[in-house]
Amino acid sequence: MLGGGLNTSLRSNNNNNNGDSLSPTIADMTNLKAIDEDDDLLPLPKEDEGGLFHSLLPGDHQRKLQLRIKSFQDVTVQVPSDSNVSQLKELIRTSLGTEAQDRYLRLICKGRLLHPDDAPISEFKVHNNDVVHAVLAAPGVRAPTERRGTTTTTANSSSTNTRRRGGTIVGPGGRVTRAPSNNGDSQWGSDDSNNSSDEEDLEQGRERLGFDRLRTSGLRRQEITAIRMYFGRHVDRHIQLNPNDHDGESDLRRRRLLYEEDWMSLQGPTSEFRLNLSNNTLLRFASVETNWRTSLGTDRDFMWGFLLGFFVGLIMLVWVWMPTVPHKQKIGILTGISFQLAMSVLRQENEDEFADGE
């Protein structure tokens, strides 16, 4: 009935208008019918541009990026350019095998930490054939969010986390910046003092091992974290070459720190590890690392101390109280002074005996 009425209306309009244009509705339907008969594709609706049909077309966002992953083994992965950091991490874990499963993973590209996980990789300027460093944490080490928990149990723990972690934020480009305060000031000094005091309180009664020993050289915790992430691959290689060291240590975290101690002791003065430290930090770290050798001294220090004590005399006792003088040199000074006093006593006794004989 509807089709018959439509055809009747069409013929009526043709007779009445004598070749005039059809109504808009009838003209559109006739146009669609003609396109269908010619087997042409229907035009893309304007309201669907950028929608479902547009997503099926090949575009820049569908292209894949080839990335080279540097970890305990080097692999190459292909990832869509519109992926986020979490998807890239899962792909890297799959490529690295079972050793990378259930381990906390950090990704660094062009000196930037890829964080947070829900951020697209396009925000970090990741391009084709870029190198991404995959840093795997030790087994059993969880992500920072998992250690802190998803909810706060008490107001004290919440305020502590706010003091320690509220001072820095990770921007969309992966850069760590200082978060502004409520009044618009950066409060660099107050945040640093709070963080340092909290960290010192937490570390009281605990021995610093591994890269944490650099705290005594003046490095901040953020700098030590960056050093641990950068040289973690070298430490892993040292562990693979010496798997039986520190087998008696049951604590995996302490065992890892002991391996870091061994690796640092093997680094020479021209190694990349030492060159990455500033000159002042390097000198401070060398003095802490070789403190027992510096305080003990050498045989040459003992000889110099003996000569100074013997020829100069009691005035060299001032040097004994100086903390920078090696221990052997102090012993040499005391030995020289004692030998001089003994020679003086013997000479005096000989003179007295000679005088009595006369």
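Cβ coordinates are placed from backbone N, Cα and C, and glycine is handled just like the others.
Noted in TrEMBL for the protein shown:
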COMPBIAS  7-23  compositional bias 'Low complexity'
COMPBIAS  150-161  compositional bias 'Low complexity'
COMPBIAS  181-196  compositional bias 'Low complexity'
DOMAIN    65-141  domain 'Ubiquitin-like'
REGION    1-25  region 'Disordered'
REGION    139-209  region 'Disordered'
TRANSMEM  302-322  transmembrane segment
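DSSP assignment over the domain 'Ubiquitin-like' (65-141) gives 19 helix, 27 strand, 31 coil. Mean pLDDT for the domain 'Ubiquitin-like' (65-141) in the predicted structure: 79.
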